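See below for the structure under consideration.
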């Protein structure tokens, strides 16, 4: 594997959306520090990692109340003490709820408000910079959910509103109630279905794009070796793309990317991340990591330059026909943007 391109470039700033929010051109996804990707990591190490990121210029920090649940927000709350809060753009999310042991989605006004209050308390802040609806509640008209978020903006509890895993039509309806600043979606070399409808809609409306899992949930760092190293507590073990029947074919994609990275003098993960950075000045990827060396490597991806021909070559490695398996297990796939239409506003009876 090639040596990493050095993290020499300063992390530039970018406007996210058209409502006034400015962030670092690369953010830090914090989920894996506390949840879903194996056991929680040691808290002092993660606080040190967050402080290292901020010092390096990666200031958009991304969390959610469901990570843990709650423990990731508490971790960030500790990391933000001592004047760090003023140096970062803090993004968190609401909407995924575990009730009676079952995973559900809620966007009713009372829940939205209670979730926001809970996040403010855990994070130890008086305002959240960017507050996303993590998943769309298909029982509640999107206008109702955004209406409550609009009130939270007016009260100063949140500054900007975001959506995650929302369809183009849902984004349009939401944006008509209150301007949406950012849409978070999975976008990487092997997850490109958002390009058809959602990305153009965001661009038409002046909405920023935040790309989660830009490294294919770590796949573009190590290929099939990653899957072999996963702990039993790692939810990636259940992702169809990582199942044995799909892995062999998907591993070929990684090997091609790896070979091109060697030619470019960077790592495969830097190459995959650079591809996302090259999608436009309105795109902010938020790779997650738990290691300072990987964070430095991710920052180094900002200095990897790709020609249009190289972009096309990379894309040819991971065409829709080449990628095997869905990006989520079936139980979680029913809350992605493909299943995010909400009832008409006229159907809503306030409870």
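Glycine residues also receive a Cβ, built from the backbone N, Cα and C atoms like all the rest.
Copied over from Swiss-Prot:
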ACT_SITE  67  active site, proton donor
BINDING   134  substrate binding site
BINDING   213, 214, 215, 216, 217, 218, 219, 220, 221, 222, 223  NADP(+) binding site
COMPBIAS  332-351  compositional bias 'Polar residues'
REGION    317-351  region 'Disordered'
Other same-chain residues whose Cβ falls within 8 Å of the Cβ centroid of 213, 214, 215, 216, 217, 218, 219, 220, 221, 222, 223, the recorded NADP(+) site, in sequence order: 188, 226, 269, 272
Assigned element (helix, strand, coil) containing residue 67 (active site, proton donor), judged by DSSP: coil
Close in space, distant in sequence - residue 219 (NADP(+) binding site), Cβ under 8 Å, 6 or more apart: 190, 226, 241, 242, 250, 254
Euclidean distance between Cα atoms of the residue listed as 'substrate binding site' and residue 67 (active site, proton donor), Å: 11
Proximal residue to residue 134 (substrate binding site) among binding-site residues 215, 217, 223 (C-alpha distance): 217
